[in-house]
Amino acid sequence: MSTAPPVTAAPVPLQPQRDGAARPPGRRAAAARTLALRAGAFLATLVLATFVAFWLIKLVPGDPATAIAGENATPERLAEIRAQLGLDKPLLAQYGSWAAGVVHGDFGTSLYSGQSVAGLLAQRLPVTLSLVFCSLLLAVVVGVAAGIVGAVRNKRPEGRVVTGAATLGIAVPNFWLGLVLVTVFAIWNPWFPATGFSRAGDGAGEFLRFAVLPTLALGAAGVAEVARQLRGALLEVFTADYIRMARAKGISGTALLVRHALRNAGVPVVTVLGLLINRLVGGTVVVEVVFAIPGMGTLVVDAVKQRDYPVIQAVVLVMAVIVLVANAIVEILYRRIDPRIRLS
Amino acid sequence: MTLYRTTASAVVRRALLGLLGVALLVTAACGAPAQGGGTTATTLTVAVSNNPSSLDPQAGPSGTDHVSLYPIYATLVEFDPKTLVATPGLAESWSFTDPTTLRLKLRPGLKFSDGSPLDANAVKASLERYQTQTNKADLSNVAGVEAPDPTTVVIKEKTPDTSLVLVLADRAGMIVGPTAANADFAQKPVGAGPYTLVSYSPGDRLVLKRNPNYYGTPPPMENLEMRIITDPKAAANALLSGQIDFADALDANDIPQLRNSGKLTVESPVGLYFDMIYFNLAQKPLDDVRVRQAINLALDRDDIIQGTVNGQGEPARQPLPTSHWAYDKANDSVWPHDVAKAKQLMAEAGYAGGVTLTTVATASPLEIRRNEIIRSQLAEIGIDYKVQSMDTNQGVSLYFEKQGTNAAQYGWSGRPDPGQTYNRLFAQNSYQNPGKVAIPGLDQVLAQAVATEDTAQRAAAYAQADKLIADFAPYAPLYFRGDVTAYSTAVTGYTASLLGKPKVAFLNKSSGA
């Protein structure tokens, strides 16, 4: 778990100048070109990510035929399975036929179970997304609150507690935290279920009951990271002249914090959120196994063991889309928060 | 900072209130009483340790599917879980009318769970479909199936093989319903087992209810829920918290915690599954029988069992455990732990100065512990045991197909009939014998062993095979692994199967638990 050092926040003019009317001709075309370039980069990244995943898993010896044949394996049976699955074709041809299917909305079927990959994704994706969403929400709400406390009450007991807890939270691995939470809150005190998941659509109460422990296990590091970054950024902002100036103009504490200090301190926090989404998506692989949650994480772990290429590829594709979309949103948020990025 | 502190105190208060709010939400969520899937007295909840590869018994390849298949499908032949002797199933009796003809008499009036008749024609259709599916190798010796009358099935074999009877207690004997031809059969399976499937979410759970058309005594529980929990620690946690009533394939290291809970019965029945070192008999130094014998003598099997699976196992000196009907006591004295004799054999083979032996094993904490123990035991006789740990798929391909290492450290899961095990592991042309070296005289003895139905005669033939195998030492069997199983003290009626694939359909759970 790497942690980025606190990003330095620079002051933003209190009254950013609107530039819409003054936009010179040609800017619009440039914007369109930028957009097209971004979309192209987005697609190129997807192709690259899925191809690299495909290539990497093929580099490893062993293939689905050995998994499918199991102890019934004979050389003839293996050859038969390989021919059936098209595994005897060149790598590029295999990738090409997979990609062609995906373009037409066909994700293929699992080599291991014969189930439709699209069907598997439809069942597993909502589970993982809801887990990631809950953890992100936890990280933002608790992380921001704790970050403010840590900065405002810096060097006082509350501030020290936040700093200490944040350091600990970043250092603790999620699977270990998950096991501790289960032992304490499911076995010693039977308050929450030890394993499993309930879909949000089947009732909010049950959903929350099942989601609390995995959300804490997955989101704790995020809470710590957000709190640490926000605290650092706020402390930096507090020393800026414009805060002193605003204070001198008689702006009240709350308004000062929310409208001026937080806005500047927000840029590094948004950066952290972008990184956090990537990490949460990856973290589900471990946390879902610990809590026996039927999501994308457990799906991909099994698929890798069985060399179930279509399933692995589909999961990689979906996870790459989530990460890319999250990063695009982060970039849009940057522009809203910091007009200098908008201008350049 | 003094400038700021007072002005922001309101915000701090609000932030603290927010934290309190989150805490309240969490507390409110706990307010709902914790209930596992299995708290109602009519439902039994069990953990399944692997995702079924398919609920169609003819299509799925994995040996771990059986747990999920048994409740749905009745088999033609059943077996005594303690001894693996064949007992009546859908077929009430059977006999070989000549060495290659098996005649089975079905119980009258059998029905599938959907109400359609299960007669000789349905059995014929099921067996014939089996011969076209993934696991067709099980019936490769079957020449044809006939249904002369509604309760008689006649199976013609190519060569005499009495192990067919117990093959019909396995996948091949799980008779599939008339809807088997449908593309969604694996999602909506129809069999004649004690339960019938209500819903299936892959990777999550199977929900089953009692099959009203089951031929035998109805199962004690109305509903059966099978939760797929692949991580043994997660399964132990689900047991300890009362979410589930039964689980197997648990980690031996969790036994003390499971026992100390006071709510669970814990046992580690030994089954047919055993761990071994596979030898490539065509490669140096394993092409020399003295080296193979030396390895078997240098291994301290009790030490390995203690250090690897916390003592939950039985030393292996033949491919069958002590409780099996074909177990031969003479093998108890085979391969005692004798380092001096092992060293002498190594010297005679010309390896007094030491030799390197390469092997593959699965990368898991248990296997890594075992590798270290074996490595140190073999080091005593001058063997530098070089283990490459990798994922099973990769290792299987490297050893069995590419012949990239001298040896491999894997398990062998059981088959109902010992004939299958002996053939797969030791026959000259078996996939599991990558060196394709014949054990002198063995193939003939194995053919004799399946030419008779009489278990005493068969056991005698396997004893003879064991002698040939012990002299040739084509492998180093280590131990039969105890299947760490735990279930709620409210659960009764569990008999561990020697086959090692639990049958959970007839577990009873008393209410009030």
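Glycine too: its Cβ is placed from the backbone N, Cα and C atoms.
Among the features that TrEMBL reports, compositional bias 'Low complexity' is placed at A:1-12.
Summarising the annotation, TrEMBL assigns region 'Disordered' to A:1-27.
Feature annotation from TrEMBL assigns transmembrane segment to A:35-57 (among others).
Positions annotated as domain 'ABC transmembrane type-1' by TrEMBL: A:125-330.
Under the heading transmembrane segment, TrEMBL lists A:129-152 (among others). Long-range contacts of the transmembrane segment (A:129-152) within its own chain (CB-CB distance under 8 A, at least 6 residues past either end) are made by residues 158-159, 162-163, 165-166, 197, 199-200, 207, 211, 214-216, 218-219, 222-231, 234-235, 238, 257, 262, 269, 273, 276-277, 280-281, 283-284, 287-288, 293, 295, 322.
Within its own chain, the transmembrane segment (A:164-187) has Cβ neighbours under 8 Å at 1, 3, 146, 150, 193-195, 213-214, 216-218, 220-221, 223-225, 227-228, 231, 283, 286-287, 289-291, counting only residues six or more beyond its boundaries. Annotated transmembrane segment per TrEMBL: A:164-187 (among others), in sequence order.
What TrEMBL lists as transmembrane segment is A:207-227 (among others).
Annotation comment: TrEMBL describes A:269-291 (among others) as transmembrane segment.
Summarising the annotation, TrEMBL assigns transmembrane segment to A:311-334 (among others). Long-range contacts of the transmembrane segment (A:311-334) within the same chain, counting only residues at least 6 positions beyond its ends with a Cβ under 8 Å from a Cβ of the stretch, are 38, 42, 45-46, 49-50, 53-54, 57, 98, 102, 107-108, 110-112, 117-118, 120-121, 125, 129, 132, 267, 270-271, 273-274, 277-278, 281-282, 296, 299-300, 303-304, 341.
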Using Cβ atoms and a strict cutoff of less than 8 Å, what residues sit near the transmembrane segment (A:207-227) while being 6 or more residues removed from its termini? 1, 3, 130-132, 134-136, 138-140, 142-144, 146-147, 150, 162, 165-170, 172, 174-175, 177-178, 181-182, 185-186, 192-193, 196-200, 269, 272-273, 276, 279-280, 283-284, 287-288, 290-291, 293
